[in-house]
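*Asks:* Questions regarding the structure given below will be posed in turn.
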Amino acid sequence: MALANPDSLKNSNLSSLPTIAAIATPLGRGGVGVIRLSGTRAYSIACTLTGKSEFKPRMASFCRFYQADGTVVDEGLVLYFKGPHSFTGEDVIELQGHGGMILQNQLLARVFELGAKQAGAGEFSYRAFDNDKLDLVQAEAIADAIDATSAAAASSAIRSLSGEFSKKINQLLEQLIHLRLHVEAAIDFPDEEDVDFLSDGVIQGKLEQTQEKIQHVLATAKQGQLLRDGIHVVLAGRPNAGKSSLLNRLAGQERAIVTDVAGTTRDTLQETVVLNGLTLHLTDTAGLRETEDTVERIGIERARTAITQADILLMVYDVTCDLEEEITPLQLAEQLFGELPEAKCLLIIANKSDLLNHNSSKGMTSISQEEIYNRGYEQVNVSCETGAGIDDLVETLCAKVGFHPPENSLIARTRHLDALRRTAEYLAEAHEQLTVFKAGELVAESLRQAQHSLGEITGEFSADDLLGKIFGSFCIGK
């Protein structure tokens with residue numbers, strides 16, 4: 001269910017908003033199921049539902065939950081959080097009954113009978129944002145903590161939820177505001193002092209300090225975005241090159257079927273793993289070759305689609321295969337690199353490299369490191385059979401995307417990076433206008449745009465459609 005129209009919520013009178021309700025725990029068999037209510041009628045609904053006349057704030061009360069005819073729907077605990085001292089800033093009720101879809105749905109239906117409306121996705125969090133209980137970064141951190149794919153990502157999300165990321169952004173906003181005031185004062189009162197503030201170096205120094213801090217926060221945010229999103233790694237190559245074996249080795253389990261029959265993999269296969277703290281979204285693909293097999297041909301088409309969506313492409317080849325009459329590994333690498341999005345990366349993976357030092361290596365297709373270097377590629381030697389080189393591969397993947405999160409990293413999203421980059425660009429414009437053209441009005445305008453871009457991160461300046469997209473991606477009940 002979509003989030004209610006932000007225009008109908010932002011800065012609304014709380015009494016005019018409907019009381020909302022939703023199941024806040026996963027549906028299915030479980031020990032406890034929680035239904036959350038928020039709004040002006042939440043308290044009265046709880047009283048009618050239980051037959052109680054009063055609930056003390058922040059005190060758990062054991063109650064039976066009744067249908068209109070007096071039959072018992074369920075029994076459990078009622079928790080009352082009186083606004084504004086609640087998550088949403090409104091009166092909040094939590095009904096903690098037994099888990100299970102039937103009981104939970106019956107209880108929720110009764111709550112709707114008493115006047116509550118179904119909450120939209122993320123609507124509880126939106127009301128918390130609307131009532132200044134949390135900012136946009138903190139609201140997003142709730143969803144990021146729930147969706148975290150690693151312990152490091154979860155910890156980073158909790159730090160963002162506690163306000164650490166917002167604090168960094170707000171400190172930068174404060175600096176920008178003071179800088180704008182300084183510049184605009186120099187413009188509005190040019191004759192008040194003998195000193196030319198646009199030329200004395202003070203504003204330039206403050207501006208450069210702000211630029212340096214923006215770059216530091218941007219670097220931190222890049223690590224946070226990698227922690228949150230991970231990278232998409234696609235395994236491609238000729239049939240029987242060892243792609244599926246490599247996926248199994250990285251995943252630590254037999255996820256893909258491996259046989260000696262070329263063309264065993266007919267479709268893409270996804271697996272998500274966390275290695276060295278970095279989340280890898282792995283995609284195994286069908287071997288690339290000319291074929292008359294209709295099903296295999298469809299798989300190859302899907303493989304090429306997956307390649308275009310890769311952050312890093314692993315072009316796997318088998319060093320024991322004689323490819324004299326086929327396309328060479330380097331030719332295939334260049335062909336695949338041409339299909340990658342701009343600024344994406346390709347690594348050549350030499351599988352069965354443990355056999356290169358054996359007498360049986362005669363006639364193998366191993367590519368010289370010099371030839372690879374001259375073509376601008378990098379090769380990692382691995383053995384899917386023994387596991388040799390796998391650690392080197394993981395370290396190379398981390399290095400390629402610059403993944404080295406600090407101990408106290410903060411979760412970040414792509415939109416945060418976009419806003420920080422735009423802020424940095426506007427500050428660079430301001431610096432040029434100041435140092436080259438001495439154009440105070442243009443400096444002030446660039447600083448205003450920088451402040452606006454930075455304010456988008458915490459929600460100080462955010463379009464309603466953006467808010468709808470962000471909160472609409474949340475769980476029902478959050």
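In case you wondered, yes, glycine gets a Cβ from its N, Cα and C as well.
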*Asks:* Quick check on the annotation: Swiss-Prot has E94, K133, K478 binding (6S)-5-formyl-5,6,7,8-tetrahydrofolate, so which of R36, R415, R421 does it put in that site too?
*Replies:* R36
*Asks:* Look up R36 ((6S)-5-formyl-5,6,7,8-tetrahydrofolate binding site) in the DSSP assignment and report helix, strand or coil.
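*Replies:* Going by the DSSP assignment, R36 ((6S)-5-formyl-5,6,7,8-tetrahydrofolate binding site) falls within a strand, counted as strand.
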*Asks:* If you measure K478 ((6S)-5-formyl-5,6,7,8-tetrahydrofolate binding site) to K243 (GTP binding site) at Cα, how many Å is it?
*Replies:* 40
*Asks:* When the Cα of S244 (Mg(2+) binding site) is compared with the Cα of each of the binding-site residues R36, E94, K133, which one is closest?
*Replies:* R36
*Asks:* Using all protein chains in view, find how many other C-beta atoms are within 10 Å of the C-beta of T265 (GTP binding site).
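*Replies:* If we count other Cβ atoms within 10 Å of T265 (GTP binding site), we arrive at 24.
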*Asks:* Could you say whether, by DSSP, K243 (GTP binding site) belongs to a helix, a strand or a coil region?
*Replies:* helix
*Asks:* Can you grab the distance from E94 ((6S)-5-formyl-5,6,7,8-tetrahydrofolate binding site) over to T265 (GTP binding site)? Cα atoms, rounded to a whole Å.
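*Replies:* That comes out at 49 Å between the alpha carbons.
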